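Engineer: Below is the structure I would like to discuss, written out as structure tokens.
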């Protein structure tokens, strides 16, 4: 039997027969969904990145060379890789300061974007014996001992098929790759302190010495400090200045970095929320105007359906059905386009934002997809409801007369 | 019992702040098989009366009963069902759905509200299918030839809805326009398609508001013969017209003047 048009199939038929109007409405709903879904996703990812960053920050204070505070902060958030270092035995001097409960030295070397290296990465040398920041995190994902010459790779590091990474012309075996943190640690490789001189030597061999000759065994980029109970990080910084006799040391307070990042993120998220709300209100206004204008054009059509025996409920379902279809199709398009733009480029977005950015899990994404679709459908339905009620009033003859 | 009983029906509107009765204490009885025409000048309440009868307008006072049911007592579902199953209404203005073809416009009343299994057109459809089922299965083309493909099922063809709709369009002389959209039709052609749509569900009460308004003499004769046939089939037909030629087909003629209905 041939399939005949019915009230059930009429919404689709009406949309098909008005391609321009349908396309315009779809564009509006798609844009609304993109704003809602992409905005929410970015906010969630930034929040996840911040949480991850907070979890990785075990130090109360970082002592760094003069004028390198910004570079050190970039290491903690999501900035570029850098090389900076002291040339004196800063670690033992810091250890003597009052209020220092625990201290551990780290060395930061940036590899190059050149033939000698697979990619530009941050090489972080740490001392597993004294470390209290990286080691607990690495141990949670790698239960072996990091031997000399081996590396542990961050989540975004491209490890070659043979399980190694080429740095300064030398292939370093990768013993483990860590989970994503949303910070620049994802673009880092970790070596023990004994490996640092090897790295420096290899860099000199390829003609790009990372650190001047003679200093490879004693360079320290930063001393991470855990302050003793009852001490404030800034007081301890003053104590370090006194103990070392160096007045122009740089100090980074990871708690402060977290707080300032949190504040930046909070501002971004508020902007996103305001943007989504304004965009949504404008979108709903446009949809309301379109459905309202359409309702005036369609008075005769709906009076005609009443004459044929359609109930008021059926008319409401017909109009809301059309807008729901628009909402559903626009919602799927919006979610699809946003997902294509965000999900595969999570690392790039993080780098561009220069903020901790961590892609949330599949469950959250799935929930957000459902929410975004519900949002799109509800927006479409809501926008048409006024028109639906106006068109389905009891005295259809008056509607018909108005439509003439 | 009469199919249509209008008792003391009044509908007032406000004009320039004053109430006026577009339909003023009208009484009318119409039996099945009868064809009644109403004449009168424009603006004297004829269309208002028809819309009150179909429940598309609510009366200020008085009652309308159709097939034993008081229209004002029915809820929205009940009155919609009455309009779909019992009443066929040809409106004065063009009310075809622009997005549908002529054929789909005519078929739509039969598919509305899941009424398929109970609508007259559907009953005919089911009867047709039963008849088809009772027929012996076609002989295989040649059972001895293994590479001969025997038909698995009867070829798809028009169903009862389509047959009914095409028959009506044929009788009204617009069958060749079945696949056209309303915007491709002339006013007269749209009028005839509207009549076909009103007749699709074999209504017991056919209401026509100036059904020959846009038609030439030949088309008027076709339409009026069809309406007469419907009355002869047993339907009650209530028609408003300005066309003197149409009156000859009616059993009785009433006049409406300033909302008051009187027999002529």
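Placement of Cβ uses the backbone N, Cα and C atoms for every residue, glycine included.
Automated prediction, rather than curation, is the source of TrEMBL annotations.
On a predicted model such as this, the values are computed, not experimentally measured, just so you know.
Per TrEMBL, domain 'ABC3 transporter permease C-terminal' is recorded for A:274-386. According to TrEMBL, the transmembrane segment annotation covers A:23-44, A:271-294, A:315-345, A:365-391.
Describe the structural context of these features.
Structural biologist: If you take every residue in the domain 'ABC3 transporter permease C-terminal' (A:274-386) and average the pLDDT, you get 85.
Using a Cβ-Cβ cut-off under 8 Å and counting only residues 6 or more beyond its ends in the same chain, the transmembrane segment (A:315-345) has close neighbours at 7, 10-12, 14-15, 22, 25-34, 36-38, 41-42, 287, 291, 295, 302, 305-306, 359, 365, 369, 372-373, 375-381, 383-385, 387-389, 391-392.
Counting same-chain residues at least six beyond the ends of the transmembrane segment (A:365-391), those with a Cβ under 8 angstroms from any Cβ of the stretch are 25, 29, 32-33, 36-37, 40-41, 44, 280, 283-284, 287-288, 290-292, 294-295, 298-299, 302, 315-316, 319-320, 322-328, 330-332, 334-335, 339, 343, 399.
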Engineer: Can you count helix, strand and coil residues in the domain 'ABC3 transporter permease C-terminal' (A:274-386) using DSSP?
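Structural biologist: Summed by class, the stretch gives 101 helix, 0 strand, 12 coil.
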